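The N-linked glycosylation site feature in Swiss-Prot is assigned to N66; the stated evidence is sequence analysis. Annotated motif 'Conserved undecapeptide motif I' per Swiss-Prot: 102-112, in sequence order. Look at Swiss-Prot and you will find 119-125 tagged as motif 'Hepta-peptide GHRHDWE motif II'. Swiss-Prot lists 1-18 with the feature signal peptide.
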Amino acid sequence: MQLRAFISVFASLACVNAAVIDHDQVVPFAQPTPTTTLQTLAVQYKPQIYIANGCHPYPAVDEDGNTSGGLKPTGSQSAGCKGSGYGSQIYGRAVAYEGVYAFMYSWYMPKDETLPGLGHRHDWEACVVWLDSLENPNVVALSASYHSTYLTYYPPDSDYLDGNSAKIEYSTSWVILDHLLSATSTSGETQDLIMWDQLTDAARTALEDTDFGDANVPFKDANFETKLANAYYT
């Protein structure tokens, strides 16, 4: 059996043994040492997130492919999801796109609740930091997920950046009755970054295959290109 086929079979078997577990029992990946230029820049340009209301970010998957069961939208917006004792996670994926470089960062929240009982289990949000080069990079634009589309900031206001780190806010939109991301001048917190190509095979397979209901994983293979097209700033 060829190595690639063996790895694929092994990942599939691992996923069979994976489970949906309580949202506060998912152990995040530690941020690994970068080994590529894209990974290095992804760490250098990692954004921060300010939670205006709602859940704080949680890890969605562990190294064995176990995924978060999320939370029902009950109680207050942040009931049961004010932070994991194991620590949180930010996910990333980077690619050359339309002559620039797209660095997508994504957070998972166990629920998206605008009012008590109104909302849905699971929430995935993403922002894209657009760099003009890999050698002497500058942030040329920011994009922040707004339901199924993106708010774009081209060029971004200097108040939206803390050095290389974009400042992103997670808050409620009373127009679409969902949470969204937007650029902000308010500083936030950072989480350990794990890139798509740094995940275990079991974790990648779980993110590809798990049904997160009304939320979808923006950086998985099935969604990544479409999300980037929606987020592109011109």
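Note: Cβ is positioned from N, Cα and C throughout, glycine not excepted.
Note that this is a predicted model, so its numbers are computed, not measured.
Same-chain neighbours of the motif 'Conserved undecapeptide motif I' (102-112): 23, 38, 41-42, 45-47, 49, 54-60, 68, 70-73, 80-81, 88-96, 119-131, 170, 178-179, 191, 193, 214-215, 217-219, 224, 227-228, 231, counting only residues six or more beyond its ends whose CB sits under 8 Å from a CB of the stretch. Applying an 8 A CB threshold to same-chain residues 6+ apart, the list for the residue listed as 'N-linked glycosylation site' reads A18, A19, V20, I21, V26, A206. Beyond its flanks by at least six residues, the motif 'Hepta-peptide GHRHDWE motif II' (119-125) meets 54-55, 60, 68, 70-73, 106-113, 145, 170, 177-181, 212-218 of its own chain at Cβ-Cβ distances under 8 Å.
When the motif 'Conserved undecapeptide motif I' (102-112) is classified with DSSP, helix, strand and coil residues number 0 helix, 11 strand, 0 coil.
Here the motif 'Hepta-peptide GHRHDWE motif II' (119-125) is broken down by DSSP into helix, strand and coil counts: 0 helix, 7 strand, 0 coil.
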